[in-house]
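So that you can see what the record holds, here are the features copied from TrEMBL:
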- GLY109, GLU110, SER111, GLY112, ALA113, GLY114, LYS115, THR116: ATP binding site (BINDING)
- 732-769: coiled coil (COILED)
- 16-757: domain 'Myosin motor' (DOMAIN)
- 842-1039: domain 'MyTH4' (DOMAIN)
- 1309-1375: domain 'SH3' (DOMAIN)
- 1423-1576: domain 'MyTH4' (DOMAIN)
- 1582-1885: domain 'FERM' (DOMAIN)
- 558-580: region 'Actin-binding' (REGION)
- 313-334: transmembrane segment (TRANSMEM)
Amino acid sequence: CHYRASIRHMHPTSVEGVDDMIKLGDLTEAGVLRNLLVRHKQGIIYTYIGSVLVAVNPYQLLPIYTAEQVRLYHGRKLGELPPHVFAIADKCYYNLLRNQRNQCCVISGESGAGKTESTKLILQFLAAVSGQHSWIEQQILQANPVLEAFGNAKTTRNDNSSRFGKYVEIFFNKDGIIEGAHIEQYLLEKSRVCHQAPMERNYHIFYCLLSGMAKEQKNILALGDATQFNYLTEGDCITCDGQDDADEFGRIRTALKVLTFTDRESWEIFCLLAAILHLGNISFEAGVENNMESCDVMSSDHFTIAAKLLEKAVLYLFFLFVCLKLMFDLILILNGVLCFTSLQAIYSRLFMWIFGKINSAIHKHTAENTYKSIGLLDIFGFENFDKNSFEQMCINYANEQLQQFFVEHIFKLEQEEYLKEGIKWKNINFTDNQLTIDLLAVKPLNILSLIDEESHFPKGTDKTLLDKIKENHKRSKIMVPSRNIHSMQFGIKHFAGVVFYDCSGFLEKNRDALSLDIISLIQKSSSKLLRLIFQSELNQGNDRRQISTLSGQFRHSLDSLMKALSLCEPFFIRCFKPNDSKQSNEFDRKLCIQQLRYSGLLETIKIRKLGYPIRHRFTEFLGRYRVLLKTTDCDPNTVRKNTTFIKKKSAALTLQKHWRGHRDRKQIEKLLQGFLRLQATVHGRQDVLQFQRTRGAVVTLQSQTRGFLSRKELKCKQAAVIVLQSHTRGLLARKQAVLSAQEKEAQELADLERQRRLEEVLSQSQEEDTKTTKSEASDEEIEGIFGFLPKVVGGQEGPAPEGFEDLEGELVELKEEDDEEDEFSFSKFSALHFQGSATHTHIDRRLQQPLIHHEDEGDTLACVTVWWIILRFMGDIPEPKQARLSVVADTIQKNLVSVLIFYCLQLTVEPPELDFREEDDVMIGEGPTFDRPMTPLEKLHTIVGYAIVKPDIRDEIYCQICKQLTKNPNPKSCSRGWVLLSICLGIFPPTELFTKYLENFIRRGRSEYSANCAERLQRTLRNGERNEPPCWIELRAVEKNEHMVVVVTLMDGQTLSLPVDSACTSAELCQSIAQKTNLKDTFGFSLYIALYEKIWSLGCGGEHILDAISQCEQEERRQGREEQHSPWRLYFRKELFTPWHDCTTDPFSTELIYRQLIHGLKNGDYQSDKVGLNLKQFGLCVSPLFLQTLLPRFPNEMQNFILMISDGLKNIYFGSELPIVEMALTVLFSPPLPEDQFVVAVNWSGVSFQAGKDRTFLQLSYPELTGVQILRTGEVVCMSTLRGEYKLKAVKAHSMVELITIFLEGLKERSVYAVTMQDITRQDDATYLSCKKGDLLCIINDGEYSKDGGWIKGQNERTGQSGAVSADAIMILPTLSRPSDEILVTVQFCSFWWCCVVLLPHREANRDAGKHGKGGKEKLWAKAKEPLKHPLLKSLQKNSELSQLACLFFLNVPPPILKYMGDYPIKNLRTPIELTDQIYGPALEHPELRDEVYCQIMKQMTSNNNGISLERGWQLLWLCCGLFPPSQGLLKHAQKFLNSRSREPLSAACLQRMQGMLSIEARKFPPHQVEVDAIQQNSSQIFHKVHFPNDTREIFEVTTTTRIRDLCRNIANYHSLSSADGYSLFVKTANKVVGMNEQQYFFDNLKQYTDAPKKGKKSKEGTSAVLPYLVLFMRKLWFNVMPGKDITADLVFHFPQELPKYLRGYHTVSKEEMVNLAGLLFRVKVDTDRSQFVMIPKMLKDLVPADQLKIMSSDDWKKHIINAYNKQAGITVDEAKVSFLRTISVWPTFGCAFFEVKQTSERSYPSIIQIAISKQGLTLSDPKNKEVLVMYPFSKITNWSSGNTYFHMTIGSLVKGNTLLCETSLVRIIHYTEPHTLKYYKYQY
């Protein structure tokens, strides 16, 4: 009955099995076991228990670990897909990103249960979902093969048993990208090196070394196979099923390279391993020596080889082993125990050194809490052997701790939480192993502490240890006594069962100490690796006190591990082994039920099913579900008091049910909404297409209709115009017909008179010269015009001015060039602007009205008068025979002459007003004044005079001349007109309206005049109008149609003949002189003109040379002499000296000055009491310092003379002939002065006010001047001084202000003295200089601080201290020497006034400044004078971690924001990009700091009176607005801040950028150098250059948020490419070419690749922060490329990219194809130039693949290429390129990316292989014969990455994939991305 009662029906869930055992109906051991059995038979190895994963080892390779499975489980919720280890890994990854909390995954189980494989799978998954394919990911993955080789071995339970424990911690950044890892190791089983149990192996590395090493290397190490070594044969098991040791050795070598192990380090590791094997074959024999037992090393070659490998002498090693008998038992020596200990120590230290080397490669040392991590614990499983030693006890203790961690997390904490919340709950019984842990390591006198205690006793033995254990724990329920009282065993009840431990060897293993002799042996070894792995022991020397026991080390490591796990959110994977025989289809129920019991899975299922696995905090729960409850029940104010509803389970279940229903309905709604959106999109697309078709038809109809209507309207208008014209012509004809008879008669008489005069002139001309040609007649006509000119004109006639006779010399000739032309139509201008019926062609009658309309009546009458004179000048109408007398006319003549003289002589009085009243029958200017015979010169002066006096009629004059030159049948008249035009063009320019038309008219004119006229016009437009009529040398040049030349005399007597033109200025002539004479120091040199005893300066500015010459001629005529013989001279002299003049900079300049001084002294140009010299009108400003610098140039007897001159020149003032430096002024406002009108003299020492030459009543030195400016309309000078402000009225105010400004700015720039204007106290910062108001500072110009930054380094003369001081707080004194005490007192006395006058106006510009508190306390929101001590935002102050970050990045001294804005002293070498990285980098990495950045920038911009600081603040804000937006709480305030400053240039741009960032993703990196440079140049537009494969480049606009894909589309549109698909941008730096990620922002991706690597914390300042780079745009994917379809793409991209591959020999090509392609390439090189046939042998490398050049001789190649070239005749270069592409496009390797690399991972492949990557996959071939080795489709490539010199790929599954490691000397990688496949790479060498 009992058995019948226990039998019942099986629950349906147990029949087929469930994926989550919470769903099981039978919660019994049998039900759980059957579920695992059923799923195991179905090939399903994974099962859930809530979030706990149960994994059963399948003992076979399952196809569930592919890349497709990774993509399937990534991003899916736990439970959506069948159970899988990838699901747990993805859950860890998801929680890490969402919660920003560290995760851990504890993988537990027995040995052989599959823990190591699960760990590797999780690592592979995390590397795959990180998605970067970075080298650090590959290094983390490649650490496993190395650690397994050195730490795993075959045991009876597991073919790949981990004989150590490891905790792998993978670090992720905030974006989920792997940044590094760290691995901790626990308790390597050292005894396995020298001893293995039956059917077990030593560590894998020994067998792999012997099987995979090359034969040559094995011979060097004297290695054979595994059967020859004792340490490998003790277990009687050499091979391992399913493992190829040779292949594994290749993987190990590959992994070592990836992990940065050098070849030398790898070889030294192999040498140590070989030495261990050789030492294991050494035997000892007993002997007797001197009646004492002894021990000898038996003769063996292994001993010698081991000594050689350990790099130690054989005799010393032999002596060491023999002498061990003095200290140890002989039996121990004979058994090799001591040798075991030494070799175990070597292997364990080597293993630890390898661990450290791996960690240094994969771990990045960063700031604390920067990265979050996922920890994977793969530690040894529970062990229970026939004989269990000290290692097993430590291993089982670790498993006890992990089991306790599991129990505590699953059972204890959860049930305690239920009880705490008051939930009705019945506790579930579970196995608690706390008592076992207490026995082993917690309570007093625990077992591990007893072992440590006994190990420190010299006489302690294993027996005494066992006795102590039994004595102290004999009453413990966990302690199990041994079966035999004489046995060395004791038992402990573990959670997995009772284990008996054998105490033999416990103490020796726990001590883990090396003898001093072994240490001495290692110390004397020359092996670097051996000494390195024992570095800690060698450093300790004889001091052994610091050595801890093995158990102590293990406990410390385990405690650290448990502490780390407790800080993480844990996930558990419980690994089960189905059988002990390692069979794939066998399920041992007994073994499995045992594992099921001690693992606590049944209790786990119960608590997960009955409990609440998903738990939210109350606030989270309320925020998520409050919408489902009543308002009164979820009031946040009362809900804390009313929490009873959560205690009711039924309410919670109801809530869950309704929520699930609500969730399902929402999902269905989303699905329906998706269908509706899809339908709407399709319908919308159809409607758009229909609309476009309809719109096109409508536009076509509209265009046709509008065209018809326009044509109709045009016809109507034409008809109306014809009618209007006909009526107008009729009206004019009728008007002409009704003229009075008297007018007709007068007109006829005038016509007859003109005809008679014309006939007389013609008859006279024919009689005088009947044999001349038409061209000679023209020349004579011109000579007739200028017949008044003498053979030689002025300038070199007559005597030189008095005192300058000795400077007459020979001439030096120079040349000039012509200018370019322009074009326009004069007829078009006449049609648009001429009034009445005037046309643009020649006429020979007078006009009744001007050609162009003029508002002023005087201008109108003047135009008519000028027309009359022009007709007479050109000979189109005859000259009057006699003058008409009229008093009024004489007045007009006088008035006109006076006006001309005014403009010639530049009188300062206003010209008299003209009275243009004439008789009623005479027009203005047509009376007796001009109605008389006039010479051509008079006519010319009249025309030019009118143009100078009346600028508004200049276009009229030009139009009249052009009109008379258009279709003029008279050659003489035409020649005279061009002469007149040429003269006018050199004096006055046309207006902008007529300029283009005149240029075009000149260009189309007569060739002998057009070039000269065009040049004169351009020069006049450039240098401005003249104020004088043409001079005689100008008229002579026009007559001869040649350049003018003037002679300039230098003060050393040299004369230069220099070309000038009508528009030449004194500045141009001075520049020509400087270039001709190689004069470098040109400042102060001016051009002077002299006439008799008068000499005056033309300066070195815009004064016209010919105007000055014309003035001399006018003066000569005024004196009654002939003006054409005026003896003027031009001199080049020093006019102005600067106080900082240095004579040593230009020896020639010094020579000229010296000669000028000597000349002036000799001729009495100076006046001095000491030297008795007479000061004449010279006007030179000389510095005594200058004269002192001349002393070394002269003998001793001359130095005293020069010093005397220097003393005499101290009081020299400027002469009256210098209007620039001496001004007659009228006082408007000033402090009291004795005179109202006086002269201001400016020289090198200062400014003086003079009532006469000998009376100076005010002297102002430059330190007393604070500024000078012009007020009103340029006539009032405001001079600010320390004594007050002077407002003076001057005629040439601009010249005076310019000169004083030059002196002031020059002195301030060179001055090293300044006075502080305010107290500065900065005791807490040594960078600042503390000083008081009025202190004198000495400026230190050592380049440490830039003056542009607003900071100056100075030394306080009072205190002697030095430091930085703000330029706003000081006044730089314009002086080169220390100011006198009197000036300093004046400055200090007037400092208050200076602050008010100079600083206050600037402060008033900012209204915020007036809002400060009266107490002077700085506002928190206003600009700070000192660095902040705490963050501005309270949210950061409350969060200690964020506050620490803010202080670290923003508040450190010196703060980067203040440094960038210039509010803190910054060294000159600091680059702006460094500061922007410091400002924005932390905020981009930590979003919580972004508002702090905004606030600090806006704070520094508020109440900021420093213009430079404010400008840089706007730059920072502009950059910030383009990187990330402020939070919603700060947004409105930031917008208000910008709107309140709308007048700022960048305000609108900042607001626009901020608004744009609200809807897009924030940037990931700080601004790039290009962005910073652009905004520093005040440009909100950013342009970047892009290079193309055909060696062309273009500039494209790129914004801060332009994504790379958008830029690619813009470039494709620019080139009119058919599609942008397949193209990408690349960045080329010095050592690599990298593809840009099209999803990222352009500048983000660019900054990743172009930022210079930071070498150490203190990088060298001044070095470039950006690597030199180029941005390339190329095709990267060659799918659907059809040559000829897109010609632009073929020519710009396809051909330039494919040609190098062909020439390098990457393709397989036949001889006929090579010849045909060579012909095409030859045509590309030379086109149709057949003369290049002879160059074919030298061009072969550009025509034929490199590997095929030797298949024929050069002559044969030439013959074949010429034949192919001839056959291809008739095609263009572009067609040849397309034909080339069409030929190679059919090859399977077309479009492939080729590279040759060295591979070391596959033994069957050659060392050098060629890899071709195309859209089909990856092809490996032999580069020698181009034979294909293997082809891998992309679906087979599961992982890939690249390092500096390596490229790595994994082919196959994640578990047993093949590895291909390629090595190159210099790798340049291009990432190519193909849709839905992997990235592929291109290497360039």
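These residue numbers are counts, starting from 1, taken along the chain as shown.
Cβ atoms are placed via backbone N, Cα and C, with glycine included.
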Near GLY112 (ATP binding site), how many other Cβ atoms are within 10 Å of its Cβ?
22
Around the Cβ of THR116 (ATP binding site), other Cβ atoms within 10 Å, all chains included, total 22
Averaged pLDDT, computed only over the residues in the domain 'SH3' (1309-1375):
83
State the residues, same chain only, that lie 6 or more residues beyond the ends of the region 'Actin-binding' (558-580) and have a CB under 8 A from a CB inside it; answer 'none' if no residue qualifies.
36, 40, 51-57, 59, 85, 88, 91-92, 95, 99, 101-110, 112-115, 118, 156-157, 167, 169, 184, 186, 375, 377, 381, 397-398, 401, 405-406, 409-410, 586-588, 591-592, 595-596, 599, 601
What DSSP reports for the region 'Actin-binding' (558-580) is 9 helix, 8 strand, 6 coil
Helix, strand and coil residues within the domain 'SH3' (1309-1375) as assigned by DSSP:
8 helix, 26 strand, 33 coil
Here the 10 Å Cβ neighbour count for LYS115 (ATP binding site) comes out at 29
Cβ within 8 Å of the ATP site centroid (GLY109, GLU110, SER111, GLY112, ALA113, GLY114, LYS115, THR116 excluded): which residues?
ASN57, ASN158, SER161, GLY381, CYS575, LYS577
Same chain only, sequence gap of 6 or more: which residues have a CB within under 8 Å of the CB of SER111 (ATP binding site)?
THR155, ARG157, ASN158, SER161, PHE380, GLY381, PHE382, GLU383
Relative to the Cβ position of GLY109 (ATP binding site), how many further Cβ atoms are located within 10 Å?
23
Around GLU110 (ATP binding site), how many other CB atoms lie within 10 A of its CB?
26
Name the residues of the same chain, 6+ apart in sequence, whose Cβ is under 8 Å from the Cβ of ALA113 (ATP binding site)?
ALA55, ASN57, GLY381, CYS575, PHE576, LYS577, GLN595
Within 10 Å of the Cβ of GLY114 (ATP binding site), how many other Cβ atoms can be counted across all chains shown?
25
